[in-house]
Amino acid sequence: MDKFLNNRWAVKIIALLFALLLYVAVNSNQAPTPKKPGESFFPTSTTDEATLTDIPVKAYYDDENYVVTGVPQTVNVTIKGSTSAVKKARQTKNFEIYADMEHLKTGTHKVELKAKNVSDGLTISINPSVTTVTIQERTTKSFPVEVEYYNKSKMKKGYSPEQPIVSPKNVQITGSKNVIDNISLVKASVNLENADETIEKEAKVTVYDKDGNALPVDVEPSVIKITVPVTSPSKKVPFKIERTGSLPDGVSIANIESSPSEVTVYGSQDVLDSLEFIDGVSLDLSKINKDSDIEADIPLPDGVKKISPSKVTLHIEVDSEADQKFENVPIKTVGLSSSQNIEFLDPESQAIDVTAKGSPTNINKLKKSDIELYVNVSDLEDGEHSVKLEVNGPQNVTWSLGRKNAKIKLTSKKSNTSTNDNSSNTSGNQDTDKQTNDQKNNQQEDTKNTDKNNNDQNQDGNKDQNQDQDEDESTANSQSSSE
């Protein structure tokens, strides 16, 4: 017995038997797991499976000469393998799905999608595994870019966009010939909401077919710079020509036409509402001795931001000078108070002779009724006054008056009616009342004619001004205001 125990092989065998007995004893308390046919009795590593979605597809082809359509952007991939390998693949996605078309020519082909860089121990299935592609020759063409505004109705009140400035104006579009031929619109969009000043932005270029569908093409550059000038509220107004200097002897103005006859002014709405016309368009008559085209600057009124155009052309036609005398032109009254009477002391006839000078054409058309001779008695108190004689009439005519001033007497209507009882004074008062009514009517007519003359087609708003002369014999020349 001692000899048996001293044998080392015997001890090893006994130890192995005890180990087997211990293993059986430990596992005897657990329900046995049924084994599949062919499965080893000893434990093995577990397997797993997962489906990954939206895996990108890489296309390999000659992209310098060809364009390929039909390759899906993404696919679904199912991976199988050990739990650790599947877990790692799900996290890293370090494999690649691709379509190899480098050996294919133009036309339609069925291409198998493949995977590479797959870890050992993994199997991969791709859905879809086959795709139909079309290969066409690559074409590049230049197209202009159109700018589309949106939210234009939401701009600040009175503001509006002008023509956009695009840089670059054209882009290079590359794609298959069929797609290039179907291009209907190349545009970039600009949002105008709340705009009240010039907009500068970069915008993406999008390409559409005739049905409004975006096309899969390459655009170079894909982003362009757009500048949109934004204008403030505006309105068109006429302008008045202010004549300075004197025409050379024997020369008269036959006609003046302006091009354009109106200009556009830009500014706040309050400024525009108060602006009816523009003054100060100057014309120097001393420099005119023949038919001429003169460029004149339009002055910028207070509060106006811009005028367009800033210059106008005045086309001036000249002629020889003719004259005509009109006798006993009646003097009308402007600005007479309803509580006053007026009496002309000198001239007592309330009329003087007037000589008109101008081109033969204008003088031949002139009638006595065209001449508006008047005195302005606004704000004058009762008593005797020497008031200036003024004249309005057709444009391009100058006037010579027999005198500079008229002597008048203003009286209150109340004092006249309370102190005069005899028939001659009563008759005189009736005549005065009649004269006053006539003068009131003349005042209204003069005011109307003055407004009419201030809005002539050349917008020449200069009122005739009489030159100082001797009261009895001197002659006053004034330039007529335009109708």
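Glycine is no exception: its Cβ is also placed from the backbone N, Cα and C atoms.
As given in Swiss-Prot:
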type	residues	note
TRANSMEM	9-26	transmembrane segment
DOMAIN	55-135	domain 'YbbR-like 1'
DOMAIN	143-228	domain 'YbbR-like 2'
DOMAIN	237-316	domain 'YbbR-like 3'
DOMAIN	329-394	domain 'YbbR-like 4'
REGION	410-483	region 'Disordered'
COMPBIAS	413-430	compositional bias 'Low complexity'
COMPBIAS	431-454	compositional bias 'Basic and acidic residues'
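For the domain 'YbbR-like 2' (143-228), the model gives a mean pLDDT of 94.
Taking H, G and I as helix, E and B as strand and the rest as coil, DSSP gives the domain 'YbbR-like 2' (143-228) the counts 8 helix, 45 strand, 33 coil. Residue counts for the domain 'YbbR-like 4' (329-394) under DSSP (helix as H, G, I; strand as E, B; rest coil) come to 9 helix, 36 strand, 21 coil. Note: the domain 'YbbR-like 3' (237-316) comprises 9 helix, 47 strand, 24 coil (DSSP; helix = H, G, I, strand = E, B).
Assigned with DSSP, the residues of the domain 'YbbR-like 1' (55-135) fall into helix, strand and coil as follows: 10 helix, 45 strand, 26 coil.
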